[in-house]
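Working notes, beginning with the structure itself.
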Amino acid sequence: MKPLAAPANHGVLGQQEKQSLPADFTKLHLTDSLHPQVTHVSSSHSGCSITSDSGSSSLSDIYQATESEAGDMDLSGLPETAVDSEDDDDEEDIERASDPLMSRDIVRDCLEKDPIDRTDDDIEQLLEFMHQLPAFANMTMSVRRELCAVMVFAVVERAGTIVLNDGEELDSWSVILNGSVEVTYPDGKAEILCMGNSFGVSPTMDKEYMKGVMRTKVDDCQFVCIAQQDYCRILNQVEKNMQKVEEEGEIVMVKEHRELDRTGTRKGHIVIKGTSERLTMHLVEEHSVVDPTFIEDFLLTYRTFLSSPMEVGKKLLEWFNDPSLRDKVTRVVLLWVNNHFNDFEGDPAMTRFLEEFENNLEREKMGGHLRLLNIACAAKAKRRSMTLTKPSREAPLPFILLGGSEKGFGIFVDSVDSSSKATEAGLKRGDQILEVNGQNFENIQLSKAMEILRNNTHLSITVKTNLFVFKELLTRLSEEKRNGAPHLPKIGDIKKASRYSIPDLAVDVEQVIGLEKVNKKSKANTVGGRNKLKKILDKTRISILPQKPYNDIGIGQSQDDSIVGLRQTKHIPAALPVSGTLSSSNPDLLQSHHRILDFSTTPDLPDQVLRVFKADQQSRYIMISKDTTAKEVVIQAIREFAVTATPEQYSLCEVSVTPEGVIKQRRLPDQLSKLADRIQLSGRYYLKNNMETETLCSDEDAQELLRESQISLLQLSTVEVATQLSMRNFELFRNIEPTEYIDDLFKLKSKTSCANLKKFEEVINQETFWVASEILRETNQLKRMKIIKHFIKIALHCRECKNFNSMFAIISGLNLAPVARLRTTWEKLPNKYEKLFQDLQDLFDPSRNMAKYRNVLSGQNLQPPVIPLFPVIKKDLTFLHEGNDSKVDGLVNFEKLRMIAKEIRHVGRMASVNMDPALMFRTRKKKWRSLGSLSQGSANATVLDVAQTGGHKKRVRRSSFLNAKKLYEDAQMARKVKQYLSNLELEMDEESLQTLSLQCEPATSTLPKNPADRKPVKSETSPVAPRAGPQQKAQPQQPLAPPQPSHKVSQGLQVPAVSLYPSRKKVPVKDLPPFGINSPQALKKILSLSEEGSLERHRKQAEDTISNASSQLSSPPTSPQSSPRKGYALALSGTVDNFSDSGHSEISSRSSIVSNSSFDSVPVSLHDERRQRHSVSIVESNLGVGRMERRTLMEPDQYSLGSYAPVSESRGLYAAATVISSPSTEELSHDQGDRASLDAADSGRGSWTSCSSGSHDNIQTIQHQRSWETLPFGHTHFDYSGDATGIWASGGHMDQIMFSDHSTKYNRQNQSRESLEQAQSRASWASSTGYWGEDSEGDTGTIKRRGGKDVSTEAESSSMVPVTTEEAKPVPMPAHIAVTPSTTKGLIARKEGRYREPPPTPPGYVGIPIADFPEGPCHPARKPPDYNVALQRSRMVARPTEAPAPGQTPPAATASRPGSKPQWHKPSDADPRLAPFQPQGFAGAEEDEDEQVSAV
């Protein structure tokens, strides 16, 4: 087993290492004081607030808060701006991610436990993870569970390690959890095994031997191993546990004995496979405790092996006649109706089955069951819309209606002509008509309803099956016939005008759903009672919110009357003015029950506001509910305007302005409801006097309306956009029937044809292209950056709404190539958002089967509603389907169907909210402190957010009467967002997007935007490899260019080469013991390898922690787009680490100087404080290449940050290499200096300058201001005669001579402003002395001599190797240095041409040492190695104890020998080119074996 990481002794990552982190988690940005310099900053102000758990509440907390505290809230007008202002943007919107994105890797924790310590929960976690792997396909659950209980976890650190040799004895069965291995067979053939594949023994105790040699292909390969003995025992045990059911000599069913836990209490037989007939019969047999979901699983999946549901239906009707089976049959039917009512709706045969079953229940006097069945039908029935046309108004209606508000019912269809269009449209007996042509029919007199239906030739009707109440209506009518007197409501009368639209009383759930039909005399809409209630309400100001909205109702318990609120209670007058529930026996009463179960309708609370105008343009705000009619609004408006006339003289008119400027005016029907939802942004409601014909809206007002209705994304609140996206997504998500997943997966033909599923599937593409379209259509660069920033904030709010689908779509949109290439736009984005973006996309790191995302999803505090990432759902289901056979031995593989059903149930639970989703997504506003905007059409949306104080909920009293204007503005913003989203014009064609992208930023270079994280462009020679961190991206290689030299300058901006997996130290292959040296057995081999890796880790704690400092900044190799575009967000602590915008791995934030046409600045002040011991500089004056070497030792407590020198230290050594390029000095010509500056300017992504904010737009200016003015030695003479190494080794003596004043100046500056932008722009001057060569090879970065010979100096391999000597012939130099800015502008013309900067050398593309390089032209055929190979090579770390002698050069793993292993290269002493430096050596080369030395 892989031991846990040793406790950190540096105090920075100790928190993290208490438990071993998985490979990909250690790459997350941890906020545990990674940078001591920013430890005083609260998490709310740190750059990475998304990972800070500063006590901010998760949605579930807020939800609970709303439940318990709703009654205490005071809602008096609280200030809130409708749109996020720039000021709060950075402060508030971003700082309250609901919980950290990083969570523990639970699976890893379980694996690392000793098998005997694993609990049942641990095994369940492992089972959940393992069942998706192909290796476990076709195994039964019990086998998997047993294997999970005994598996041992092993990690092999390094790529290229031999796991098994040919002919070795095998002693385990292993499955790959992460990474891949390659098996090379003796005949030369090779096979690659990747995640989920298995290798090793078969389930027998015979000796087996390895065929071929197995090597790891990548670092950090993870395996689980099961010893041969255990594997054999478990797989052979299966047969013993099997129970076969035979009929007529044939096996018809196979069951397996299972124990679900170790207590022995949950054990029994579970169906594994069987014939379709036998499985159907099992529905009414006894089910064991270990198979509680058989009926649900069967009812969901029968469609995969039965051609028609009637096959089951007929059997059930048959079995119903057997008294012993009757209860079981009834239970099956109730579950069927409750879970899959869509099987019955629209299927005439199944509808007849249901009717026959109801008749059977009535016949057997099973009233309770019948009642439950009717309740389930009513609750599960969905609204259906249909359109009917009549040839003329006089044409008779093709159906007969019953009911009406005078009887206390809705309008019901009693019968339909069988040959009419209505039947074809799907209208049937028992349907309740809810709406006709937009007019609410839930509370209307029958005569009025008939009049509306007769007077229209075009009828758009919304209906819903409601047999439960329809039967109640029929019973009432038959009673009336018998008694001869109509039933009259006893309490009050039904004058509509007396209805108040302000709720009368806070209601308990029982009251909401307790409008039971027991007391049939009651009327919900009473006058006397309501007036009393109104007075009470006015006096007491009781909150309008339910104290516990639906908290006490269990969702899945629909079979119990008391649960659905239909218990026999004394009548409680309806306190809610729900116009649909005007009678206790009204059909929609069921909707109160329905709300608990489904919430497709919402309680009638006045959570909406209308703004009503008069002809003189005065306006008033009127509080209404969703069901308030136009007539009621007129009554309220008359009261608000203090008009004396009667309501009959006035009507409500809608005035709207078309985009062409045409003013339209129409009178609204009195019964029209949902008024707040109907009004357009370009429309207004007017109170119109019917007697007058005045113009309601002048032309000026119309123009203003038109202007208001034109909206752009930047005008919209990011919170509101995220809320509306979430509501829209959630509506689509929860409408998906469980059967649609099955139909889609098994490609079954169904009535619905998976329409809801397809819609939800399309949303992710639409949202992705929306992001790209919005950004690329904006021509202004600054606005483009703001739109990107806006989208990052929207994604963040989607994260808070637990809308992972939209979050992923937005991230994908920002990563689309046409958006990703907008280099200068991304550079303007503030670092904070870069960091947030990286954190957001880090969540979707695909490694280990999306382990991070799955961890968050399975987190304890993630309660519904959740909108999961749909592609992952689809992948999991496809995996289960394709990884397991549907039939085994001719029998239906029910184990497979059970797993699929379980997965679908799990997905369904995410949509099972017991509160209106609009409210759930709505309870978040900035800082949780201001008035929550109320949803358009959401009932309880007035439940407010909770002020957060140190993570504790602060209870605040608020008045229950809301500030209507504030609510209106909120609703108006919601309306704007809705209109914006509904009118989106998407550009779905990637070629068109690319064209738009090129119009925004023409291609000045073929490179991707920031290599640090824009998507790499594929080239023939360099396959794009996964990115390993903020600084590491595959760069396009110039096919014919030899590897480009790369040089380090400073340790100040440089972390010693770090590994990608900090907690797993890499060591050179030569230091590894032979694989399996401790044991001839495979299981122990993998484990021993894993343990040796950890021993290395303990030995190299120092290096390890350095690794951590940098790796914390890197994100997983495969994350969608893994890094900030401008280097590290570490610059927060005042560092200039963000220079390295190159393709070098995060292993060197240090980067190539020559290739980047820039010099790092070297920290010289605070040497003791930073423990920077000394540096060595060698300058190759003949080549014109300045090289500076820095050797550093850092004390343990400084590891994580020591190497990130603060900006204040980095100023001193500017251009030092230019001064001391040899024992004498050389004049820096104007031409060279200026070219250096310009090359840096034009280097695009290759240079450090591209990192600094805004530096690209006016690079010359910056260079002018920063570069030259900061040279304090424009015409200074130096008479220092010591040799160069002496100067550097002296701890910065020369620096102090040269730069003491400027160093202090910058120290002061930096302490006074910690602004990122300034730090970055100041940083840009450090890169201006780039090429020292006479000539620069345009796009390759190869330095040429004047004589035309290429010299490819050795590139850094980002590894810990000793300093090497370089070729440098002493050239006499005048002691005069002239540096003037005068010629900076002279070279601008050359900027776009051949002096464009090349892509920087990717890590691991190691150059050929000068000593090996033949004189003469370069070899065009020489190609770099595969990027992956180079990357792995770049992680080889030389052990400090083996630092070679001063004369040695670093490993010469050259680009032309991709297969070679690192080896020490000993240059020939006789090589004349090395002569000048041979005797000199390095002053401090052997001074301290622990020092980290950078390679050049």
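Placed from the backbone N, Cα and C atoms, the Cβ positions cover glycine too.
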Check your understanding: Of Ser773, Ser806, which one does Swiss-Prot label phosphoserine?
Key -> Ser806
**Study point:** Residue carrying phosphoserine as stated in Swiss-Prot, selected out of Ser418, Ser933, Ser1281
**Key:** Ser933
Check your understanding: Out of Ser1022, Ser1123, Ser1222, which one does Swiss-Prot list as phosphoserine?
Key -> Ser1022
Study note, to complete from the structure: Cβ neighbour count within 10 Å, max among the modified residues Thr644, Ser806, goes to Ser806
Exercise for review: Provide, as an integer number of angstrom, the distance between the C-alpha atoms of Ser806 (phosphoserine) and Thr644 (phosphothreonine).
Suggested key: 52
Point to revise | Summary of DSSP states over the domain 'PDZ' (385-470), given as helix, strand and coil counts | key: 22 helix, 32 strand, 32 coil
Review point. Per DSSP, what is the residue tally for the domain 'Ras-associating' (606-692) in helix, strand and coil?
Key: 19 helix, 33 strand, 35 coil
Practice item. For the domain 'Ras-associating' (606-692), would you mind checking the mean pLDDT of the predicted model? Key: 90
